[in-house]
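Record features, source TrEMBL:
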type	residues	note
REGION	1-31	region 'Disordered'
COMPBIAS	1-23	compositional bias 'Polar residues'
DOMAIN	27-360	domain 'WD repeat-containing protein 54 beta-propeller'
REPEAT	274-308	repeat 'WD'
Amino acid sequence: MTFLLSTESSLGSHFGTSRTSAPDRSMYRRERPVPMRSCPAALYNNLSVLPLPAPGLTQFALVHGPTAQLLSAAPDGLPVSQRQLHTKDGAGPGFPLITQAYWCVLPFRVLLVLTSQRGIQIYESDGSVMVYWHALDSTDASPVQALFARGIAASGHYICVGTWSGRVLVFDVPAKGPNIVLSEELDVHQAPITDIAAEPAQGQDCVADVVTADDSGLLCVWKSGPEFKLLTRISGFGTPCPSVQLWQGSVAAGYGDGQIRIYEASSGALHVQINAHARGICALDLAPEAGKLLSGAEDSFVHIWKLSRNPHSGCIEVEHCHAECVTDTQVCGARFCDLRGSSFAVTGYDLAEILRYSCV
């Protein structure tokens, strides 16, 4: 077990590394931002990024109230196209709020998933056609409970979506067409789901390929398949876990107290604990080809970390690479724009543009 101690602070943000190296603040430079028609809502994980086949084009998705905004941007930051999607009304008065928009990259297709207070909408990747709608079942909810779906991830040909009740809905997605089926409900969590992450299973040595997180901080690690198998539970001791990621059989979890903890997925053993931010973490992302971890928090900081596995001990080691202060902005979303982590994007509450950064 390896613990990282707090060794440096910046604007009240404390972090530690397993290597005595100062953060390289010139590693990324700010590029021209992407203007938006509306500002993102103050929701964590409020940004999804999808690189497009056209060279240099990137698609962004974020939510505000009852709408989701899709933007395609060129390398110079100029929007190429914009589209707004609205929630399906379902049953009940008023317009339901969208809680998350996320692209699910399946082996055979890419789908856009929207979650809201009424249900789950699944679209073709460009948002042009809705291929599936699942209404939330309110029969088990008390009159004082707020219904919503939140937390989205794809594993193989399955899409997993979390709910307010703690249930995780597993949808079996065909290679084409709208015949999506609710194949399983995972009923382990007792608190609302906050986030879900997945990564391709890497042989028998890495059977853990899905992790779910909830408002109590509980992490559940699963092996996906025709029947999902629960491998381990990791307690969060009551601290919410808004964002979680999987990398090479390790779970990276960001908590409401500003900590990042990295666990062995199969056993739940703690590798690293980082006092990364002064306030709650609102977004984590991974660039799997480079082993880079991005964290964004309500302290207006975005940090980039380099993960590696010690060949002798097998423990995860972390090096701090970059710190970016997004001045006077409550960060609500942050994502890498490619698998190598050579660029990333940030959204902030009441900020009508997507901030972009790229390697120098």
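Backbone N, Cα and C atoms are what each Cβ position is placed from, and that goes for glycine too.
TrEMBL does not curate its annotations; it predicts them automatically.
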| task | Summarise the repeat 'WD' (274-308) by DSSP state, stating how many residues are helix, strand and coil. | result | 0 helix, 23 strand, 12 coil
| query | Could you give the mean pLDDT over the domain 'WD repeat-containing protein 54 beta-propeller' (27-360), rounded to a whole number? | reply | 92
